[in-house]
Amino acid sequence: MNVNQSAPPVPPFGQPQPIYPGYHQSGYGGQPSSTAPPTSYGAYNGPVPGFQQTPPLGVSRAPPSSGAPPASTAQAPCGQAAYGQFGQGDIQNGPSSSTVPTQRLPGSQPFGSPLAPAVSQPAVLQPYGPPPTSAQVTAQLAGMQISGAMAPAPPPSGLGYGPPTSLASASGSFPNSGPYGSYPQGQAPPVSQAQGHPGVHPSQRSAPPLASSFIPPTSGGPRMPSMTGSLPPGQGFGAPPMSQPNHVSSPPPQALPPGTQMTGPQGPPPPMHSLPQPGYQLQQNGSFGPGRGPQPNYGSPYPGAPTFGSQPAPPQPLPPKRLDPDAIPSPIQVIEDDRNTRGSEPFVTGVRGQVPPLVTTNFLVKDQGNASPRYIRCTSYNIPCTSDMAKQAQVPLAAVIKPLARLPPEEASPYVVDHGESGPLRCNRCKAYMCPFMQFIEGGRRFQCCFCSCINDVPPQYFQHLDHTGRRVDAYDRPELSLGSYEFLATVDYCKNNKFPSPPAFIFMIDVSYNAIRTGLVRLLCEELKSLLDYLPREGGAEESAIHVGFVTYNKVLHFYNVKSSLAQPQMMVVSDVADMFVPLLDGFLVNVNESRAVITSLLDQIPEIFADTRETETVFAPVIQAGMEALKAAECAGKLFLFHTSLPIAEAPGKLKNRDDRKLINTDKEKTLFQPQTGVYQTLAKECVAQGCCVDLFLFPNQYVDVATLSVVPQLTGGSVYKYACFQVENDQERFLSDLRRDVQKVVGFDAVMRVRTSTGIRAVDFFGAFYMSNTTDVELAGLDANKTVTVEFKHDDRLNEESGALLQCALLYTSCAGQRRLRIHNLALNCCTQLADLYRNCETDTLINYMAKFAYRGVLNSPVKTVRDTLITQCAQILACYRKNCASPSSAGQLILPECMKLLPVYLNCVLKSDVLQPGAEVTTDDRAYVRQLVTSMDVAETNVFFYPRLLPLTKSPIESTTEPPAVRASEERLSNGDIYLLENGLNLFLWVGASVQQGVVQSLFNVASFSQIASGLSVLPVLDNPLSKKVRGLIDSLRAQRSRYMKLTVVKQEDKLEVLFKNFLVEDKSLSGGESYVDFLCHMHKEIRQLLS
Ligand SMILES: [Zn+2]
């Protein structure tokens, strides 16, 4: 409960930046607070006497109550509680001391000359605007009693969820119509380019060529260098996937009876080569080519099987065979290999089109002109020059952008550049911001825009001479001329209404209905807030947060609190007319925490008492958000609402919902309605919130269906977060809830933000995925944006690209910092362009592809049957791989399954997406769980989707007890579990400790403090604190995993053969799932069949 102990304020962006004397550090760091003095809110037009007649809280008890008996608390059984948590892929980078080959921009060069005149930031202190008009007050007065109805709600428009633009609908269709067979054979690229590919970067050079990386050399016998799934000629495929009589629910590997002919989609399992020599060279980004020896056909047969591969002969009768799971591409091995080859030296961003290390690799980034992969990751770093090529390959061209990503302490936060009153320098035509790719000409008097080619004059104050290479001599002194990422101080032109913004405000809005009181939530929350308010986000060196706070409680009516510092006691004002929400007080509602501390503490002490005996079970929801938004509007500031809500809002009010959960809709054409909001009220409300810069974070504590799909609309469209604690009980869930709450309240947020992605001629951003709102086709509007939120952007060609000039992206985010400073954050990234498909396939990043494809599919379920969405994904994946097979792999039998090196995990990862709860739910997954996960995934970054779809499974007793590093993971399959061991499994949301039935008694004693396996309590969520090395190690590892994720992962202990094991097995994603999801082996065969069909 004591925040002081566990939650120190951590300025996540802060670190001194000595080498840029002329700049101040980004505001999350050393930005002097003097630019944002604590604002006095005195300009609020004084008290409104009429609204202060309510007696002090202690006197006034019991707000109006409907008197409904608390019978409705006879709740349906809780759904799976497995989704309370959400993981932030943490990108911690270990320091690296290795030297970097000199790059285009020597990073070690100090930014010597102090330029950029001392910042004279205009005071952001702004009075709170015009006083409420008399009309307003009158309306308020009227509203206190009763008042008119709200404007008619717009018609429900579930389909309109998302940007209401033609683009959105266009992109809502699934790209699966690649002109596949029409590809001219002659275009098959010279794959031998693999070695001399331009733009090969230093880290590539250091990467040892990996041989046969498909197969971890685990057990005796030579490992297969490659794999070929081949089919006996003439064998038919025809049956639809998913129902596979031969592969009933046993996990792989599956033993087939002698002579079994695979029917249906499967074909025989891919026979395995046993050739000992490498089938291909693994390049970092590359594929393999003829110059590198044999094709990576996973050619020769697994033991006892006939050789399919290039053999034309029909297969011999099949002896009993077993597909060796070790012989198919292993995520664990790929992750391990990348860590070994790329984790040891920094990733230097000076060279165009470099593929960064995997998100699972710890590496340091040196910004030398392109944005760090922590900010932007692309599906491919070499994009086709023409749209025909792109269509042929079907590889989505997308960037996953995390504009405010947190950096490890070793890396510099973006520098803040202040150009004074003239503001940042931009291209006159396309409005792109000055960046390292702009070309200065005519002795430095003009510059040519790298995005639109427009020639611009250099303003006199920005003029500088060029050196003999045409580069400005001050290039290294200016972040905007030498770095991939930096910030500009925005001028007043970039502010709403041409006024510098006020500091943002936080409003805590607490459900005090019967359920919230009964579970102890209200008491817990109020107690926590008393200390948590000391940890509101601050800018750099500020002594106290500039953020003001306000409080509202509600059930079917709203209670506002006056906590003005001059009051002896807080005052409550009740607004029962929820149809026409207004804020009954201005002065005293949003206050400085320190000034009003005594009154706030008194309020938080009283709230649980006031409502202790409530019988009110009904709640409203939309009016609560409306009230918070109106309060921010009245205060003329941006901000965030923290809503703590327990039930389906069935009270009579705008946004009233009905229980429309219907599991019978699953697998029907109407399943999509489960994901759509049931009313358009929330979308309209969200639009108003975005206009006000009002971000909504929602904490849900449901005992039954609450319609997450509808309730999460406003958080989703305002850049907020949703947390869900099903069947909340203080004793079981307080640790998780409080941990999430502390992080959520303390996290740095950019408010009232607009993001625009500009591109060089030839491609443009056409589609966007994430938690935001769009009112046109280009501007991503974010009422709030935190360091975890990610926007995925898809690009399409609108012209031919040029290999020489490549393609450029510039992401510009305009936002208000938590101290009220208006800023622009710029990220630039240059990509290569290719005329050979092999170059595309050599420079893809599968983790990013999966991030895009999952978001694409999860949006698709709003409009299409889930099966259609799944089929579309499968088709697209098959097209991607078939195009590679046809155009980039050397000639070989059509029976061979050949995967591009950097996409060899595409099938296994895609299968995980296909059988995820959103696309193929198990019986225990509730509608709310699916809606919850759907919206979580929408703003996940690449590391998060990676671990979410393919969980980490860590054996705990195999590695030496004294080892301090995380144990090496094993593949997520039941056959990797030893019943003599214990394992931790995590996916960013869930954390399981699985205990094998034969685990040593000493281990049981050391971890659980009981004598035997049978005495371990099933479903345990806390390990006893024991003073022995194993206990300390396991608890330490759990703490470490939790620290890596942005949400707290609750632990569940699962015993082998226990009933909870079903839940756990759902995360063993390489196995066939109970909901019908294919095993990895089966899916690979399925994919091979699809590819063969495309190639035939
Ligand atoms: Zn331009």
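Note that the numbers count up from 1, one per residue, in the order the chain is shown.
A Cβ is built for glycine as well, from the same backbone N, Cα and C atoms used for every other residue.
Features as listed in TrEMBL:
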COMPBIAS  8-19  compositional bias 'Pro residues'
COMPBIAS  60-77  compositional bias 'Low complexity'
COMPBIAS  90-106  compositional bias 'Polar residues'
COMPBIAS  166-176  compositional bias 'Polar residues'
DOMAIN    424-462  domain 'Zinc finger Sec23/Sec24-type'
DOMAIN    501-745  domain 'Sec23/Sec24 trunk'
DOMAIN    750-833  domain 'Sec23/Sec24 beta-sandwich'
DOMAIN    846-945  domain 'Sec23/Sec24 helical'
DOMAIN    964-1037  domain 'Gelsolin-like'
REGION    1-329  region 'Disordered'
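Counting only same-chain residues 6+ beyond the ends of the domain 'Zinc finger Sec23/Sec24-type' (424-462), those with a CB under 8 A from a CB of the stretch are 105, 369, 417, 470-472, 475, 480-484, 488, 490, 758-761, 808, 810, 812, 824, 826, 828, 830. Mean pLDDT for the domain 'Gelsolin-like' (964-1037) in the predicted structure: 94.
The DSSP breakdown of the domain 'Gelsolin-like' (964-1037) into helical (H, G, I), extended (E, B) and coil residues amounts to 23 helix, 12 strand, 39 coil. Residue counts of the domain 'Zinc finger Sec23/Sec24-type' (424-462) by helix, strand and coil are 6 helix, 11 strand, 22 coil (DSSP-based). In the domain 'Sec23/Sec24 helical' (846-945), helix, strand and coil residues by DSSP number 65 helix, 0 strand, 35 coil. Each residue of the domain 'Sec23/Sec24 beta-sandwich' (750-833) gets a DSSP state, and the totals for helix, strand and coil are 0 helix, 55 strand, 29 coil.
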